[in-house]
């Protein structure tokens, strides 16, 4: 997957998002955490944990608690851009803007796996 | 019922206007009280979410008649022999011990909206500041002439999981080669749109696994089409050739009656005799919601799509199968999703917590045969008038076997996660 592709397609999908935020979200931008709103992320996360076990579960749906923000954002963008396969995740991310993705990343990064 | 509902609605509308001036109902004494009616996918989720997120600031009581809850979702996998009964049955211990929820295993008789309290069958009262109503569905027994609660002991519905599910499994396991199972499918709207067809698949699987390929499942459907129809049709032809027959109304001409004594279903076309007859009647919101005046002429409960708040009562939220949830199907996933929006709105009412735009989600997996699982899903937002689909997907015919197998393992993970999300 290409970071440039992510940025380009994400920019097309959410034209109003400032370039600065996109840079913060880019995995290539280094370890800087996205400036997401963790309270918003906590609300959005309630949708995720219907399938992703809130602890470190086994099974084909991977745990997402404690993921580094850059890995979390990269994963969601790769679904959103159609570079990664999974019908559910492509559908879920189709309605998530960068504000939502960064909020989710901030929230899940703040948790520790059980 | 309707005139009473309208009168109540008028009264409540006045109260609502007054209530809007002071959205936060912070009680002068003690914590605000939330009562949740029904401990299924909607009610369990709402209770847990409110208790967890309010961290002790809200007093949460969950009223559920049964001490243990058998999930309708995955009950078809129990019928097919893929799950044991214990694995689809859950208790409320963790909600009580882990989240401080007061779990009351007793029957609620009524909602006294004027006094804002739930009246229990024993006459005791449980007061609330906000009430979450999640009673699921009730069956309209006489929607199929000849059918009744008593008849369900002979012709099980198994559309409310529990003893009926075990009965249907025992009856299914007793079907011999050459015999016929007849299913009467429900009209829209009903709980779990793909459910009857997944069930027919699991019935055929059980028969085939025993070498009973001379037996068959006949589905008599009041609907001209059904959920995931192309996928099921393809799967039946592939896995169970000649064993599953589906007849829509253009073929059978109308389902006239069932006769438990003779084990028959009469249609305009013919009379079908079954060694097992599975009748899934029409459905409506749980009776307590109707008696509380929360339903409309459809038999289900209108809600505000932004919050799941009842359109009849500012202090009440209705989630799950009992609600009119626009484009969302009646499913455990939907109920769980709706409960989270309601929980946020309830907390917004009672504490200073933030309220965000409603987002809803659903995915339904259906097992057609071992490792052949299909799915449908969507994301939803609140439009002016309803919960509206924002984007959706559905499995396609002709998909590779490894994708279908992945769907199955995905559904197993989902079950573990959603039941933890509901029951703790």
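Glycine residues also receive a Cβ, built from the backbone N, Cα and C atoms like all the rest.
DSSP labels the residues of the domain 'FAD/NAD(P)-binding' (B:33-147) in these numbers: 33 helix, 39 strand, 43 coil. For B:33-147, the entry in TrEMBL reads domain 'FAD/NAD(P)-binding'.
Here TrEMBL flags B:165-281 as domain 'Sulfide dehydrogenase [flavocytochrome c] flavoprotein chain central'. For the domain 'Sulfide dehydrogenase [flavocytochrome c] flavoprotein chain central' (B:165-281), the DSSP-based tally of helix, strand and coil residues reads 39 helix, 31 strand, 47 coil.
Taken from TrEMBL, the feature domain 'Flavocytochrome c sulphide dehydrogenase flavin-binding' applies to B:358-423.
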Residues in the domain 'Flavocytochrome c sulphide dehydrogenase flavin-binding' (B:358-423) grouped by DSSP into helix, strand and remaining coil:
23 helix, 30 strand, 13 coil
